[in-house]
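Contents: one structure, followed by commentary.
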4 protein chains.
Amino acid sequence: MKRELKIAVIGGGSSYTPELIEGFIQNYETLPVSEIVLVDIPEGAHKLKIVGQLAGRMIAASGLPIKLEMTMDRRSALIGATFVTTQMRVGLLQARAWDETIPLKYGMIGQETTGPGGMMKALRTIPVLLDICKDIEELCPDAWMLNFTNPAGMVTEAIQKYSRVRSIGLCNSPIAAYKWLSSLYEVPIERIHCEFVGLNHLHWISQITIDGKSKLAELLANKEGYSARNVPQFAWNGTLLQSLKAIPSYYLKYFYLQREMLEEQQQAASRGETRAETVQHLEDELFEIYKDPELKEKPKQLEQRGGAYYSEAAVKLMNSLYNNSRDIQTLNVANGNTLDFLPKDAFIEVNCQVTSEGPLVQPVQVVPEAAKGLIRSVKTYEQLAIEAAVTGDRGMALLALTHHPLTYSVNDVERMLDEMLEQNRRYLPQFFARIH
Amino acid sequence: MKRELKIAVIGGGSSYTPELIEGFIQNYETLPVSEIVLVDIPEGAHKLKIVGQLAGRMIAASGLPIKLEMTMDRRSALIGATFVTTQMRVGLLQARAWDETIPLKYGMIGQETTGPGGMMKALRTIPVLLDICKDIEELCPDAWMLNFTNPAGMVTEAIQKYSRVRSIGLCNSPIAAYKWLSSLYEVPIERIHCEFVGLNHLHWISQITIDGKSKLAELLANKEGYSARNVPQFAWNGTLLQSLKAIPSYYLKYFYLQREMLEEQQQAASRGETRAETVQHLEDELFEIYKDPELKEKPKQLEQRGGAYYSEAAVKLMNSLYNNSRDIQTLNVANGNTLDFLPKDAFIEVNCQVTSEGPLVQPVQVVPEAAKGLIRSVKTYEQLAIEAAVTGDRGMALLALTHHPLTYSVNDVERMLDEMLEQNRRYLPQFFARIH
Amino acid sequence: MKRELKIAVIGGGSSYTPELIEGFIQNYETLPVSEIVLVDIPEGAHKLKIVGQLAGRMIAASGLPIKLEMTMDRRSALIGATFVTTQMRVGLLQARAWDETIPLKYGMIGQETTGPGGMMKALRTIPVLLDICKDIEELCPDAWMLNFTNPAGMVTEAIQKYSRVRSIGLCNSPIAAYKWLSSLYEVPIERIHCEFVGLNHLHWISQITIDGKSKLAELLANKEGYSARNVPQFAWNGTLLQSLKAIPSYYLKYFYLQREMLEEQQQAASRGETRAETVQHLEDELFEIYKDPELKEKPKQLEQRGGAYYSEAAVKLMNSLYNNSRDIQTLNVANGNTLDFLPKDAFIEVNCQVTSEGPLVQPVQVVPEAAKGLIRSVKTYEQLAIEAAVTGDRGMALLALTHHPLTYSVNDVERMLDEMLEQNRRYLPQFFARIH
Amino acid sequence: MKRELKIAVIGGGSSYTPELIEGFIQNYETLPVSEIVLVDIPEGAHKLKIVGQLAGRMIAASGLPIKLEMTMDRRSALIGATFVTTQMRVGLLQARAWDETIPLKYGMIGQETTGPGGMMKALRTIPVLLDICKDIEELCPDAWMLNFTNPAGMVTEAIQKYSRVRSIGLCNSPIAAYKWLSSLYEVPIERIHCEFVGLNHLHWISQITIDGKSKLAELLANKEGYSARNVPQFAWNGTLLQSLKAIPSYYLKYFYLQREMLEEQQQAASRGETRAETVQHLEDELFEIYKDPELKEKPKQLEQRGGAYYSEAAVKLMNSLYNNSRDIQTLNVANGNTLDFLPKDAFIEVNCQVTSEGPLVQPVQVVPEAAKGLIRSVKTYEQLAIEAAVTGDRGMALLALTHHPLTYSVNDVERMLDEMLEQNRRYLPQFFARIH
């Protein structure tokens with residue numbers, strides 16, 4: 001009765017793709033995917049081939065009637081798609097290395113999803129995504145676009161503001177929090193309920209119940225619980241947790257432990273290490289494994305990357321959209337009336353009820369007072385940066401970054417911005433068009 | 001027809017008092033003050049005597065029927081007062097020196113109205129003011145309390161939340177901006193209109209017109225215009241001004257030029273200079289001058305202090321309250337529906353129409369987008385700090401300061417906070433009561 | 001592991017009670033009720049005995065270990081209760097007859113849940129419920145009170161404002177709408193989703209989907225679908241439905257078809273018929289049936305009363321509260337940020353997700369523009385009437401009724417109000433206390 | 001220094017024009033009008049000539065250098081205009097007679113500014129005004145348009161929504177209230193302050209002070225004070241006034257005394273009287289007087305029309321806009337954040353501070369709770385009716401009128417609407433275009 005279910009995976013050559021394929025295989029009964037198209041750009045052709053062949057072996061082993069295709073023709077991939085997922089890295093790991101190292105020269109944190117580095121990633125990525133959206137509007141206007149390209153909150157907000165595509169932002173942090181709690185308490189995820197409030201990579205968990213009973217107090221006594229491999233493992237300050245009465249995302253260490261994180265980055269840099277390089281090594285290893293013609297399933301090693309569960313989150317969301325499940329998932333969607341100190345069109349990370357018409361934001365019951373200023377500050381930066389990404393206005397980019405809590409001087413910001421813009425020139429036509 | 005007009009000046013021994021007296025003399029026709037009581041605490045008895053005698057000579061020279069009294073009995077001073085003004089410094093300049101120097105040891109800016117220093121001043125001051133308010137509620141419940149004790153926005157918000165006294169917060173910055181424009185354009189203040197938006201010591205001027213014509217564009221080209229003696233004179237970043245499209249208060253240099261301001265403070269400290277000491281010298285000089293029995297008017301030297309025009313602002317406000325003038329003044333009052341990203345009970349610095357029933361907030365027409373995050377961040381800090389001041393909750397004080405944009409690490413904040421609380425122990429009974 | 005599950009049924013002698021008992025029996029597996037206490041007042045002792053004996057036979061036949069008690073001692077009934085339900089009629093059907101007939105003399109509609117009659121019911125009922133709430137606060141402060149005493153929205157809002165009891169308002173209309181759709185489309189209720197927006201007895205269904213597909217357009221073509229036995233069966237105006245783009249509650253016929261409904265009431269009255277009398281006959285018949293010592297189940301005839309499904313709704317709600325089910329139910333709860341043209345503390349009828357901590361309001365996606373004025377008008381009346389009920393202020397009652405859309409002249413309202421207050425004098429001590 | 005000051009008077013042949021001319025003459029010193037163009041349509045040529053000649057004689061007698069022109073070429077009149085005023089009656093008094101009589105046949109009030117009659121006037125008028133606005137956008141885009149064409153609130157809101165013209169709505173009621181108070185208390189208007197809240201023809205005065213002292217209590221004891229010649233003189237209900245704690249506009253008698261007003265209209269109609277006819281007689285008399293070649297000033301008789309002071313209000317507003325006076329006037333402007341139960345773009349009647357950039361809404365301090373529902377209801381009607389006027393959607397017109405508090409049955413409304421649309425067919429091309 002339901003129509004063909006076609007998935008277009010933009011950035012299909014990503015090392016995460018096998019997880020996605022595994023998800024489709026495992027959920028076939030409720031989400032009967034008929035066709036998967038992996039799309040990538042010419043620079044990614046080599047990775048696409050390796051990943052695509054592994055995906056093909058996985059599907060063949062499953063015995064399911066799923067058609068798989070690999071292509072570099074994005075437009076043909078989109079025709080008739082039910083869901084589009086995007087995971088891409090404009091400028092590849094090279095650009096990430098710039099994002100992580102140039103700010104350090106100016107005494108600021110270099111991070112790929114927030115602060116100076118995150119803004120550069122947004123400036124490079126948003127125009128590319130908006131371009132994809134133009135194709136979607138034309139070729140599959142009813143498709144849902146699931147965006148997990150970082151900075152996911154900003155990118156999805158930009159899509160909402162500048163296109164008519166139905167898009168939802170996704171992060172692996174919320175699902176990782178559930179997995180952590182499930183393992184800690186040895187109960188299935190279904191019995192756990194968390195209330196998330198904030199933005200992408202800037203959330204707090206303000207309520208945690210198991211079978212309706214709060215576990216918050218005991219979890220606040222734990223200074224190391226909720227963490228991730230891709231963020232340095234500093235312990236939390238105990239007084240802070242007790243007073244906040246909410247568990248901060250590990251990404252909030254960049255804010256609450258700014259000095260320590262900056263020093264850690266500076267030391268790592270002086271040792272010649274960067275996160276971009278670490279990831280490059282992990283990637284290289286993964287692709288070596290993927291090449292094994294005997295491999296017919298997602299390798300265990302994939303779980304050890306920072307982005308574990310991304311694809312699980314994506315398949316879960318597609319499943320609920322497709323089946324009108326009305327279950328609760330934590331997504332990046334428009335604020336509406338939820339947080340009264342943010343604009344209605346600001347994207348937030350929040351519990352939603354997922355229906356076939358899209359996610360319905362659930363009202364947030366507890367918003368930590370202390371978090372409100374930081375959320376508003378980062379949202380202000382995000383909205384200015386989105387405008388800079390679309391207009392190519394250098395002054396707007398300066399304004400955005402100057403108002404970001406991880407910068408300290410408009411003059412330093414201006415000098416750093418000029419170096420970063422110049423370094424990224426080839427990926428930022430909107431900023432340099434007038435000069436050429 | 002109107003009742004006796006009695007003024008109670010809490011902190012009457014302040015060096016600013018002669019300006020206030022001059023204001024009453026000059027405005028006698030519309031604001032016929034019948035009695036002025038200068039109140040101070042025993043530690044200030046010496047200064048009170050010097051200032052009081054000068055005030056007496058000034059009034060005598062004017063020939064006006066104004067009764068003058070000096071006292072250390074605050075309660076008797078309040079009986080039947082029409083207006084109460086407060087200007088005080090709990091802990092005197094000694095405590096200010098702590099506020100300005102201890103943060104430097106931890107790599108943070110030391111400033112007496114914001115950041116760590118400002119919070120300590122609030123923690124010392126708010127309970128004292130609330131105590132005065134209890135007396136006002138009992139002895140002169142209809143009085144207007146004009147508060148220019150810093151941090152004026154926070155102190156006045158605390159009074160609004162925790163007492164029934166009708167209080168208005170006042171700062172000299174807005175009137176100073178008008179004086180600067182009046183002198184720059186050689187037009188009387190009446191022909192100038194500015195729109196202020198933000199908080200006390202954290203405002204932006206978003207519109208400036210003379211005879212209804214905007215002067216904003218040309219003023220944004222001037223990187224040094226709107227400044228004050230008590231804030232270091234760094235020039236503004238030109239790109240910032242052009243993109244903001246609003247003129248920031250000179251206090252915003254602590255935020256936009258954090259690194260530079262911190263370095264300047266560290267250098268001054270290494271030379272053994274602090275603002276507290278400079279002010280102490282100015283004060284000593286002023287009191288020497290005040291002692292001269294031939295002096296019968298406000299001496300010129302007073303205008304060279306940071307707080308020039310404070311008393312002018314106060315007299316102007318009393319005049320309008322008394323006469324229901326309905327003119328526009330920039331005051332610290334409750335937000336109401338004015339700024340939709342702040343709570344209704346948050347105090348903001350904004351244009352008001354002054355009636356005999358109190359100030360009516362004027363709607364703000366232009367709010368710089370970029371300013372919204374910073375305003376919300378500082379307001380979040382302020383509201384947490386007010387709560388800490390009233391409850392003596394150390395965790396709340398940590399939360400407040402950790403979320404202030406001028407701090408970088410919750411761990412550093414915790415260590416600094418402990419030193420500052422200990423240093424201020426005698427002025428912070430609410431934090432130490434349980435220990436004794 | 002969970003504690004004893006005790007239910008206190010205030011107004012236990014109601015003819016609806018057998019439905020409630022049936023619900024507890026059918027849901028015993030998930031809602032293991034250990035004790036049910038039926039409470040009533042001395043005037044209801046006779047009915048309580050009949051109903052209680054039937055309930056006893058029903059439980060005995062089920063073989064379940066549920067303890068049943070009947071009492072007139074409300075306080076003992078409340079001790080340790082998990083859930084309290086209330087269904088009462090202060091003044092019995094006699095007072096309902098006044099509510100339905102006196103307004104007709106003044107040219108206004110007589111209806112027991114809205115307009116003049118509804119207000120009188122609220123004035124009689126709210127103080128009694130608030131009295132019960134005082135007992136609950138003392139004797140079972142953690143209990144949930146499920147209120148289906150009409151006017152249920154107003155009564156529950158009054159409880160929220162004037163007590164600390166956790167209360168939820170319930171109506172049978174939403175569940176009846178689902179039953180109607182389920183039977184019309186021959187699909188189980190689980191596959192149907194309706195969005196309700198408005199107030200109790202004043203809602204619109206703005207979205208209807210089956211398996212995620214909208215059925216609204218075809219249902220709007222049906223002028224007679226959604227109706228009830230206790231509201232006259234006028235057809236809807238087709239143009240109205242098409243333009244509203246939402247299905248109005250049958251109670252809205254009192255508003256959209258005011259003239260027709262008034263005429264129908266006047267004709268019925270001239271024939272000597274009133275709804276109160278019809279209900280009295282139904283009640284008498286039901287109690288005759290209940291007396292049959294062979295009867296051990298809820299008789300079919302009960303479904304033919306206006307209030308069918310009330311108890312089903314109540315058991316469903318208790319089940320979800322008890323089991324933290326997080327399913328969607330349509331309830332009467334505080335508005336919060338849901339409808340931006342109503343106060344935050346106004347109770348609305350809206351979809352909620354039911355958790356063990358209480359109902360979470362779901363955001364409303366579609367609010368018919370045309371409905372906003374009417375909703376605000378009736379809410380204004382409700383809030384004024386609640387205040388009148390609590391204070392006994394006759395002027396406030398006049399103000400409430402004058403602003404109700406079913407009245408036409410403040411002067412007529414004043415004369416009618418005086419007659420109605422006098423007629424209800426014995427049930428309205430708050431209005432007459434000062435006179436005695 | 002200031003540019004030429006040209007006034008375009010659309011509907012210049014109106015009997016009110018001499019008052020406007022008198023205003024310009026009396027205010028010449030501060031508002032030095034250089035040119036007045038009276039514009040009218042061919043059907044009004046005769047009246048335009050009579051009024052224009054009188055205006056010419058008045059200006060000549062004043063000796064001022066004001067150029068006067070009469071024309072039927074609207075576009076030429078608009079070129080370079082500083083202010084445009086509009087006072088027009090699409091369909092003339094004939095259409096007003098329909099508005100006032102057809103509703104009576106269906107048992108509803110016939111009134112030219114609200115209810116069925118008011119909606120028809122809006123449907124006829126809005127498209128014509130929007131047409132004029134297109135010319136203004138092209139020919140004098142910086143002009144202020146002062147609209148006192150009724151229903152003034154709706155018409156101005158429509159202009160705001162559907163054009164880029166800067167428009168302000170004006171009514172004579174507020175100025176009339178001041179005149180009444182000035183005469184009652186024998187004090188000049190400058191010493192009186194009123195707070196108006198609500199919509200055009202639907203306001204309440206919630207505060208009245210003289211020299212800052214409230215007169216509200218004593219004025220609420222007066223049941224007949226604030227009234228107008230064009231609204232029947234029923235006394236207010238005393239309990240209502242005491243409970244409202246605000247003075248309702250005399251137009252509110254159509255709502256609070258619906259039954260009485262309807263009966264009065266029905267009786268007048270049975271005597272063959274309508275307001276349209278009364279006005280026609282007044283107009284005829286006035287024009288006879290205007291023809292007198294010896295008449296060189298505004299005749300006394302003009303003050304006895306319902307619209308007295310309209311032109312005074314208009315000249316006062318122009319004066320303040322021109323001189324950036326920043327005085328308080330009661331105008332129809334966009335709500336913004338003022339009333340939180342209305343949309344931001346809803347026009348309300350409220351105190352404003354008038355600057356050269358336009359009116360700044362003053363925050364409303366007291367909003368009678370009871371008024372909120374009625375205000376929201378009428379605003380809902382207004383917004384639906386505006387949409388109907390622009391789109392010609394009959395269903396939307398039905399929806400608007402059905403939700404108006406002065407109608408009782410959607411079925412009656414539908415039949416009446418059809419008769420009224422048909423009767424007005426020639427003035428409603430938007431509703432009939434598709435049929436032709």
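Any Cβ shown, glycine's included, is placed from N, Cα and C.
Heads up, TrEMBL stuff is auto-annotated, nobody curated it.
Under the heading substrate binding site, TrEMBL lists A:R96, A:N150. The site 'Increases basicity of active site Tyr' annotation in TrEMBL covers A:E112. The Mn(2+) binding site annotation in TrEMBL covers A:C171, A:H201. As annotated by TrEMBL, domain 'Glycosyl hydrolase family 4 C-terminal' applies to A:196-407.
If you take the Cα of A:H201 (Mn(2+) binding site) and the Cα of A:E112 (site 'Increases basicity of active site Tyr'), they are about 11 angstrom apart, rounded to a whole number. Calculated from their C-alpha atoms, the gap between A:E112 (site 'Increases basicity of active site Tyr') and A:R96 (substrate binding site) amounts to 6 Å.
Under DSSP, A:N150 (substrate binding site) is assigned to coil, being neither helix nor strand in the three-state scheme. Here the Cα atom of A:N150 (substrate binding site) is found 9 Å from that of A:C171 (Mn(2+) binding site). There are 27 other CB atoms within 10 A of the CB of A:C171 (Mn(2+) binding site), with all protein chains counted. A:C171 (Mn(2+) binding site) sits 19 Å from A:R96 (substrate binding site), taking the CA atoms of both as reference points.
Mapped onto three states, the DSSP output places A:H201 (Mn(2+) binding site) in coil.
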